[in-house]
Amino acid sequence: MGRFDDAGAQDAEPDDRDVSPALTVGEGDIDASLRPRSLGEFIGQPRVREQLQLVLEGAKNRGGTPDHILLSGPPGLGKTSLAMIIAAELSSSLRVTSGPALERAGDLAAMLSNLVEGDVLFIDEIHRIARPAEEMLYLAMEDFRVDVVVGKGPGATSIPLEVAPFTLVGATTRSGALTGPLRDRFGFTAHMDFYEPAELERVLARSAGILGIHLGTEAGAEIARRSRGTPRIANRLLRRVRDYAEVRADGVITRDIAKAALEVYDVDELGLDRLDRAVLSALIRSFGGGPVGVSTLAVAVGEEPTTVEEVCEPFLVRAGMIARTPRGRVATASAWTHLGLTPPSGITGLGQTGLFD
């Protein structure tokens, strides 16, 4: 791969939860060392890998640039890694920015004007791009040109500028937040799914080899099933368990060492951490299992409503612990059982009976 330019890219907001799928402060360099360098090294997402291989090989055989590519899915599944792999597979240079960094059309115009033929432009969080920049992007994606407005008011003129043929790779955790015109301009869209435990075991084995960690097979399985289906979380937990093994044991990670370490870091057997359990406990013990509004629930655990709704709730819903209903959040029978409590009679996997009547 040629030059790598991350002009305009922004760091993730700090998040000190070990089970957060977002990058934590200072984690970028370590995360980069574990990134796969080719589609052959990329673990998981078999359908996406196959589809991407066809798109890229077809473009190389034709001697042209591939269609613009949209990668969607939850954070931590490898969208940035795939963008880097796409550039590497095409033997192209990669330019990296993010939606929030493109506040004005001029910001995008400056970046597009520096592209050379065949470059890959990666825009992370593309759903957060400002509207003026997005509208300029339409023309660049379709016709490889942009119209730059010079001057203001009635005397303003539009100057067309040619843009070198390039491939845009957009990444989003909220594909529904993309406008229709932007979404329609991507020739290929790939949705990335959460990983199965067996796939995460392979991710952990590869990472352990790169980091020189002695990881037992059963220990890898233990970490994998607590990683919330997310490779980034799996790699983070691996490093935390390594710390424990080196400080309190002989450095070899066995299943017992992994369990003991994850207990210290408050990550339980399903991957729930202290905040997740606090939300469930408040929902059940303070509100009888619900229904209760997210704002009220957030006050009960001393967090902002957005933290509960965007950080905790997605995994709790996916794990079958919380149900969203028109009347509020409801604890399922699994949530009661997970906290060691007996569900009330009549409660189901979707919460209390009668909520949808």
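A Cβ is built for glycine as well, from the same backbone N, Cα and C atoms used for every other residue.
Taken straight from Swiss-Prot:
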- 1-27: region 'Disordered' (REGION)
- 1-195: region 'Large ATPase domain (RuvB-L)' (REGION)
- Leu34, Arg35, Gly76, Lys79, Thr80, Ser81, Glu142, Asp143, Phe144, Arg185, Tyr195, Arg232: ATP binding site (BINDING)
- Thr80: Mg(2+) binding site (BINDING)
- 196-266: region 'Small ATPAse domain (RuvB-S)' (REGION)
- 269-357: region 'Head domain (RuvB-H)' (REGION)
- Arg324, Arg329: DNA binding site (BINDING)
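Geometry remark: Gly76 (ATP binding site) versus Arg329 (DNA binding site), CA distance 26 Å. For the recorded site, Gly76 (ATP binding site), the DSSP three-state label reads coil. Each residue in the region 'Head domain (RuvB-H)' (269-357) gets a DSSP state, and the totals come to 41 helix, 11 strand, 37 coil. With DSSP states grouped into helix (H, G, I), strand (E, B) and coil, the region 'Small ATPAse domain (RuvB-S)' (196-266) comes out at 51 helix, 4 strand, 16 coil. On the backbone, the CA of Glu142 (ATP binding site) and the CA of Arg324 (DNA binding site) stand 40 Å apart. Tyr195 (ATP binding site) and Arg324 (DNA binding site) are 24 Å apart (CA-CA, integer value). Counting only residues at least six positions away in the same chain, the Cβ atoms of Arg206, Ser207, Ile210, Leu211, Asn235 sit under 8 Å from the Cβ of Leu34 (ATP binding site). Distance noted between the C-alpha atoms of Arg329 (DNA binding site) and Tyr195 (ATP binding site) is 26 Å. Spanning the residues Leu34, Arg35, Gly76, Lys79, Thr80, Ser81, Glu142, Asp143, Phe144, Arg185, Tyr195, Arg232 that the record associates with binding ATP, the maximal Cα-Cα distance equals 37 Å. Of the listed binding-site residues Arg324, Arg329, the Cβ environment within 10 Å is emptiest of other Cβ atoms at Arg324. Most Cβ neighbours within 10 Å among the binding-site residues Phe144, Tyr195: this distinction goes to Tyr195.
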